[in-house]
Structure formats: structure tokens, C-alpha cells
């Protein structure tokens, strides 16, 4: 049996094989004998010194690649190079590496003392790998040793490869599906004030947003309104309506006796004196001579049919006539006489009672004549 030990070179057979791995050819020079005591020598030379070698009885020249020691766990090794292990294998030593396969998914090895887990933002779905793969756009991997990346959920995005975490959508944007590479801006007439949004909301009635990516909606200016939700522009108030401030209120109609012929108005106009305004969108109409129309009239008025009033041409108001004044004066005089007579009657009654006249429950309300007759005199009250 051929031996591989040299007493002058310490080391094991494995060590010798690793040292010889870099030699291209091996020249063996030996003496073969049939005697029990056999002396065997091995001389390692290269091809350049082969010609100078003295001929020997037996000579063998073969490539080292034919040697495949059974103690090595993987093939294709090269002891002179650290990265000799096959893809997916690692070396557990640095001087004389033995190759071992990385068996767990998400791990890679290449001339390392142990298999390494893929970093966040990377993954490896196969074993026996030498590198990790960056997570694709729209995906992330937040832990070490992931065999796969996770898709970004709605409200988040990843706009480049190798993302460890998905980023949240900012206010004014949204992502309504998984694996989003970017968030979308809210369309016109919509808003989103929060982060991580999956959708945007319509502007409320009375508000608007005229651009994309709105975080909030704005109240319609004075003279305008938004009757529907989700409006990108406000509409002008119709004729006969007005709005006097920037708010979410709708336009209101003009009051009776007021009008507005234009759209987008902040106020209505009062109908002038001498005219009346039958509707909020009607032009003022002149009153007839027998009618009177003070300012703010929605319809004309008359001063009566019995000539008790007349129309003042300056103020367009009804004034009392002389007849009405006389009637009022006469009525006041009659009232005065009636009141005076009643007061005198009461006074007379009280005067008689104070002079000693007796009265009974039956007769104390009666006055008698001076001739002492039994005929009563009735008082007025």
C-alpha cells in the first residue's frame, strides 16, 4: 500500500492533500520489491523538473484533479482559494476549509464561518445560495433571514428595491391596493388629511378643492356656493339669491321687497320708494297715481276708498285728509262729553250721601227727587 506520510512534514493526510491541491502534476519515484520490508519514497516535482529526473523503474504522472478525498463534504474544492466552496456552501475554518451546505432558506454562505441571514430589504427563496436578492418595488422585508418579501399593504408604498419597510402615504395621497410603488394624489373635489390613507373623501356641501392632492377643502367665497359634495369649483349665486360671507352656507333668496338681477351677488337691493318689486328677480315697477309704495314694497297699496287719506307725492305715503281729521276731532269731543257726564253723575251721588241721607241695601243705588216722591231717579253709572 502506498503511504502519504513524511516523517519530516508534520500533519495529517488531509493536510497533505490540501497542500498538494495547488500542484498541477505529481511525479512519483518509487522502488517496488516483493520482500516483506518495502521502502517507498515519494517525490513531488512539477513538469519543468521532470526531464532532469533520473529514470526509475516505475514512474507515474497524473493530474491532482483525479484525487477526491472522501473526507471532503463537497466537490470542486480548491484549498488555495477561500471562495472554493460551491454556491450555497460555507467553510467552517479558514486554513483548511471543509464545505457545508446552507440548508435553511433565507441564508447564504460563501467562505464564511457560518451561513449568513439575508439583511432586511433582502430575501432568498432557495438554499445553496451565495447572495441575497433585493426586495422588488412594492415589497419590503423588515427582518433578517426572510425567504420572501411581503407586499406593501394599502396605504403604504415602496418606490425602490431593497426596502426594509414600506412607507406610509402622506396627507393628500392614498394607495387603495397592495404592492403599490407610489401613492396617488387625491383628485380634485376630494381631500385626505390623514396619513396611511386607502382612499380620499369628497368635499362637503358648501366647500371645494380645485387641485389634486388636497389635505382639506375650502369654504366657498361670498357670492358663491357648492350645492353638491365633491365639487372642484363653487358656483355663483343665482339671480334673486345672495351670500354675504366666505362659509359653507348656501345662497339665500332675497327678502320680500328686495331684488337682485345679477348672479354671484353678496347682497340684495331694496325696492325704492314709489315702486314695488313683485319678485326677487323682477325689476322695480312704478306705482300708479292712486297707489302708494314706500321703500321695500313687494306690492302697491291704496289709501282707501272714502277719501280719508291722500298720497303724499314726496314720501309716497298716505296722509290723513281734512275729513278724517274732523271726524277724529268730533269723535274725541263726544268721548270727552261722555266721560265728563259720567264723572258728574258719580260726584252727585257721593255728595248726597255725605249730607246724612240714609240708604238701605234696597235703595242705596237710587236717587230721589226733592218732592219726596217715591219715584226713583236712576243714575247714569
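Here the Cβ of each residue, glycine as well, is placed from N, Cα and C on the backbone.
Of the given residue ranges 296-321, 322-347, TrEMBL assigns the label transmembrane segment to 322-347. A Cβ distance under 8 Å defines the sequence-distant neighbours of the domain 'Tyrosine-protein kinase ephrin type A/B receptor-like' (155-195), meaning residues of its chain 6+ beyond its ends; these are 120-122, 134-142, 201-203, 208-217, 230-232. When pLDDT is averaged over the domain 'Tyrosine-protein kinase ephrin type A/B receptor-like' (249-275), the result is 95. Helix, strand and coil counts from DSSP across the domain 'Tyrosine-protein kinase ephrin type A/B receptor-like' (155-195) read 0 helix, 10 strand, 31 coil.
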